[in-house]
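What TrEMBL says about this one:
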type: DOMAIN; residues: A:10-40; note: domain '4Fe-4S ferredoxin-type'
type: DOMAIN; residues: A:42-71; note: domain '4Fe-4S ferredoxin-type'
């Protein structure tokens, strides 16, 4: 099976300057489990584009580092 | 890849509305008993009410309505096909649930006299109780689960119920983060996995832009089926009037008591009642196809204070991103009607009637297996119904397990299931789950979206039956992708059930939910019954009629026809 990698606009945006390296609050509450830590920077990012734009990640972030946009196709 | 073995008395699969309540009630019934919630997300923010709820839709409060009146209302709106005894439970026990939730800190709207401030949204009675401060519902429930010392295992997804000698003895699944194979032995199993909310493809084309929490992929429908349980009214699809593209509620249940209403493009009413029913959806479908659309939820005529209050409720609860959706398009309730669309199909007894067959004790047709919430076939059950049936499942399961021992699962079954689960990981370059799911759900739209046409549904069914071959091409690179792959298996099962049940009932009923072009009329002589389905001993999906249980509340269905058209 030949696979291509495509670019995709993701809904969850993390402000890396505010994201705390030791905190996993957003990752723990995401119903779809789509957030992860970038192993190189220790910052959270949206690893899988599977979003219900439901907002627990944004609400539970202690430093307001997260902004959830409406997914592009719905926007 | 390790194997984790767990043991519990009562296993609850899914820690949403019904599941958390089932756990709490099981522990209240027997504090010594072991209760485990298995949740593929995190119970703090999982299920349909992950971000709370803006109101209760089935509140039967003494002094305002009676369980008998409520049963009448639902009997008429569900065209007579229901187990009244089960619906009665929601009417009878819901008030106690509301009081208990209040004692835990959940706030319901009261009037100046301190009485529950009920609103009329249904055709006749007042059953809607606003919860403008309902956003923390799930955290409150989570706290009670911990306080009652029920165990919780997050991020483990169940794939099959274990059955031996015809009774449920546990479940099997995997950890969606580290990939471990998980086997749980239990004396009773409660399925509370929510709706089949990822069945049709949203018009936006975004796989997760669904009305239901997209984690609810029909897991319990499929697991109950493979455990040998009966499912019921599957052809009574869930189809909702939703904000176009956003695909969430607008929400008329909140806004119509304030004076908002559903209108056509000319601003005229065409339905007399905003309560969601198949009959109402048929009127929306007719209006959209008559050239008088688009359909809108109209609030532009309301005063500033009222609109501001509606915004405060709608933008804080249930689907709080509604506000930024409208903002992004430069629209707001003062200047624009909310454009509405007919959703893709799903299965959900919380809103319609499609679910796993249960009686008034939340028992399925498999001993030791219970079901509650959106996936249990108790029509129009909504959130309070999920709490009530969670409560019934939890307490009855505790009673059932008394004196029972754990049973060892069949090692051969475990091996076969392990191979099935992990197959996508053996082909990491296989077709991505996103593409396999997109095509499957696009086929659901093409062939099952009502109006239902025989020839189209037959083609759909052939496609779904053959789709096993496509599932075998799916590849996953990590446990997360594996979770999504196994959800596609559930979706395929639900699609086949939806096609077969729709073909079996040769009449039209429930408005748009089961509107068949080839059989456009209701036929009570032949079809005043449930259509149930199950997996037979040779592994085939069989369908059969199940008589409607004798009514406990008299309703004259010849005289009382549910009709909400404005003519």
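Numbers here mean position along the shown chain, with the first residue as 1.
Glycine is no exception: its Cβ is also placed from the backbone N, Cα and C atoms.
Each residue in the domain '4Fe-4S ferredoxin-type' (A:42-71) gets a DSSP state, and the totals come to 5 helix, 6 strand, 19 coil. Secondary structure by DSSP for the domain '4Fe-4S ferredoxin-type' (A:10-40): 5 helix, 6 strand, 20 coil.
When pLDDT values are averaged over the domain '4Fe-4S ferredoxin-type' (A:42-71), the model yields 97.
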